[in-house]
Structures are given as C-alpha cells and as structure tokens.
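Record features (TrEMBL):
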DOMAIN    1-383  domain 'Major facilitator superfamily (MFS) profile'
SIGNAL    1-23  signal peptide
TRANSMEM  47-65  transmembrane segment
TRANSMEM  74-91  transmembrane segment
TRANSMEM  103-126  transmembrane segment
TRANSMEM  138-155  transmembrane segment
TRANSMEM  161-180  transmembrane segment
TRANSMEM  200-221  transmembrane segment
TRANSMEM  241-258  transmembrane segment
TRANSMEM  265-285  transmembrane segment
TRANSMEM  291-317  transmembrane segment
TRANSMEM  329-347  transmembrane segment
TRANSMEM  359-378  transmembrane segment
Amino acid sequence: MNKHSFWFKVALLSIATLTNAAAAVQVTVPLIHQTLAGHSQTDIELLMSVSSLGILIFVLLSPLVTRLMGNKRTVVLGLLVSVIAGITPMFTENYTIVLASRFLFGAGVGLFNSLSFSLISIYYTGHERDALIGYRDAAAAMVTTLLTWVVGFLMGGGWHAAFGVYALGAIPLVLFGLLVPDNTPVVEEEHVTASGHVRINGAMIFSAVFAFFWFTAYFGITVKMAPVFAERGYGTAADASFVTGLVTAFQFLSSLLFGQIKRLLGRYSIAIGATLAMTMVFILIQSQSLILSAVAVAGYGFAFGMVMPGIFSNLAAETNAVSQTLGSTMMLVGINVGVSASPYVLKTLNGWFNQTSEIANYVIISFMLLLLAIVAFMKATIRPGRHANKLGETAHE
C-alpha cells in the first residue's frame, strides 16, 4: 500500500492509541478493593502502576527485539500481548494473575511505544513527517480520553467488565497487521549522522534530558492542581479535575496544528512553546480565580502540544534512519523517569529553599521551564544543525 494513502497513515498512527491506555482503568480501584478485600489499598494501586514498570523495562528492550524480529513483527507482538494481557482481568479475581497481566500489558506497550514514533520518521520526511508526529500525539490524547469514557460506561457491569476496553486494541492490531508491509523501507536519508550504523548522538542525549525535566514539570503541575486550588480557596477537587482535563484538550488542538506551527516557527518551535508554558505557569501562580487558572492551564496545554512533537521532530531530523528507534527509546526513558522522579525532585528543591506551601511547587516549575526555554533558544540559535529550518523557512522535503 502507498505510504501516502489515508489508510496507511491511519494504520501507522493507530498503534499510538494504546500507548497511554494503562491509566484508563484507574477509576476501577475502589471496586477492585471491595472485591479483593484481603489486599491493602496500596496493593490495589500497584495493579495500576505496575504497567509503567513493564513499559519502562520493555521500552529499553525494544531496540534489541526489533533487531531480532523486525519492526512489523515487534509491533504486532506488542499489540497482541497488550490485548490478551489487557482483557485477562475480566476472567479472574486472583490478585497475582491480575498483577502479572497488568505488568504484561505494560510490557506489550513498551515493545511498540518507541516504534510509534520512529516508524513515522522512517517512512516520512519534512513537513509530512512533522504533521504526522503532531497527529500521533493528538490521536494518543483523544483516544485516551475516549477509553476513559468507555471504561466509565463498562463499569456498570462491574470492574471485570471495565477491562474489556482493551479489546479495542484489536483495531490497531488488525489495521497495522494488514496494511503495513513486513519490510521497513530505507528512508531517503534527509539527516544522516553515521552511515548505516546505530549510534547515540548529542541530539538523543539532549532530547532525553530535556524530556526528563519537561515531564518533571508537567507531572508536578497536574498532580498539584487540586492542592493549589484548595490552598488558594477558589476551587474544589472536582474543579481541579476539570481544569486539568484542559491540558489534554488543548494539547490535542496544538498537536493537530503542529505541522503548520513547525512551518511558521521552524527550529524555534520548542523554545517558543517552552516560553509560552513558563508564562502560563507564572499566570497560574498569580491567579486568584478559577477562570483565570483555567485559561492559564489551557494555554499550558497548547504549549505542551507544541513542545513534545517538536522534540521528536528535531530528534528525527538529527538522527540517521537506523538509529530512530534507539532515539525514541531514550526519549521515552527520559519521559518515564521524569514522571516517576517528579515528586522527589520537587520535594528536594522545596527543602533547599525552605518552602512548604503548595504554590511553591509552581514557582519552582516556572523557573525550571524558564531554564528549558533558555536552553532551547540557545540550541536553536547557536547550533541550529545543518538540516534545521530558520524561523519561518520552508523545510526541505
């Protein structure tokens, strides 16, 4: 099938729809706890978080598996494992089996997670690649929201039924299995750093470190939303939940528009996105009303959808074809470690400055985003790279 056809692109993007799906069933925790009364609340919560461990381990193993099996077989294997492991809790109340299935679900996702980025970079170049990277993030955000709604509907039949949501993973399994060929093409080398050899380059290291701090900030912003609202006295936990949802909604919007954003801003898209994010957090710090906070969070979500596709786009542009999966893997490790480390990083920094208020976390995050923006501007200005676009220029296709 022609790689420029609509259905080929749908098949390629469809595998991203499961990358954030582990969290879709988190609302089942109270019901599971009622059924498995012999286990503590912490034990039940482990059923949700253990998937992240599986993802992290198998994201690291993915390049090795891909070398042995090839790109398509690795994706199909990962999707198959995810679907089977995902629906397993429908049929058992054995805690150990459910725990193992949740780990395996994460393992399956970990196998194809980095490929959901790198395959786009392998098949496409230039503006088409940038647009699809944005669509990839938009699809992941949209489907994660839809899966959460489906889980809410299925929970009417009990927590077992809720895990049936993962049967929908059969859709990308069929689409990818039927429409994407076994042989991965050798890309017309738009950006080659080492001819034919897998290697770690500076772009990979920069992207992984940037992603670590970006997601440390992101997790801190979302998890501290309810405490900040309560501290300021202008919103409830329900209000915070709604406002936090605006991050995903506006990330979806800017991800859809990323191709056009990249055309307009060129290599400065990450720096400008980080500056916008920092500005929105600063407004959030100053806010004394729910409406202004909601506007600031929406702006932050839009900035988030500018930065993340931008990082992957730049990484793809500065990494040779055979190293794309390794580069995506390093990025995903940076993301996952950043999320996991966020509470400890913020706690440590608060301790250094003797801060105890909830809003102090946002002050620290605003400075973190300021530093990221400065670094991104410096990288774009001082080392634009031989293939990077100047502001407003049209990328080479």
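Note that Cβ sites are derived from N, Cα and C of the backbone, with glycine treated the same way.
From a predicted model like this one, the values you see are computed outputs, not experimental measurements.
Sequence-remote contacts of a segment are chain residues at least 6 beyond its ends whose Cβ falls under 8 Å from one of its Cβ atoms, and for the transmembrane segment (329-347) they are 52, 55-56, 59-60, 62-63, 113-114, 117, 200, 204-205, 207-220, 223-224, 311-312, 315, 361, 364-365. Against the transmembrane segment (359-378), stretch 200-221 shows more Cβ pairs under 8 Å than any other of 74-91, 138-155, 161-180, 200-221, 291-317. Counting Cβ pairs closer than 8 Å to the transmembrane segment (138-155), the top stretch among 47-65, 74-91, 161-180 is 161-180. Proximity of the transmembrane segment (291-317) to the transmembrane segment (161-180) is not established, fewer than 3 Cβ-Cβ distances being under 8 Å for residue pairs spaced 6 or more apart. Counting Cβ pairs under 8 Å to the transmembrane segment (103-126), the top-ranked stretch among 47-65, 74-91, 161-180, 200-221 is 47-65. If you look at the transmembrane segment (200-221), the same-chain residues 6 or more away from its ends with a CB under 8 A from one of its CBs are 193-194, 247, 270, 274, 277, 281, 284, 297, 300, 304, 307-308, 311-312, 314-315, 318-319, 323, 326-327, 330-331, 333-335, 337-339, 341-343, 345-346, 361-362, 364-365, 368-369, 371-372, 375-376, 379, 385. Within the model, the domain 'Major facilitator superfamily (MFS) profile' (1-383) shows a mean pLDDT value of 87, rounded to a whole number.
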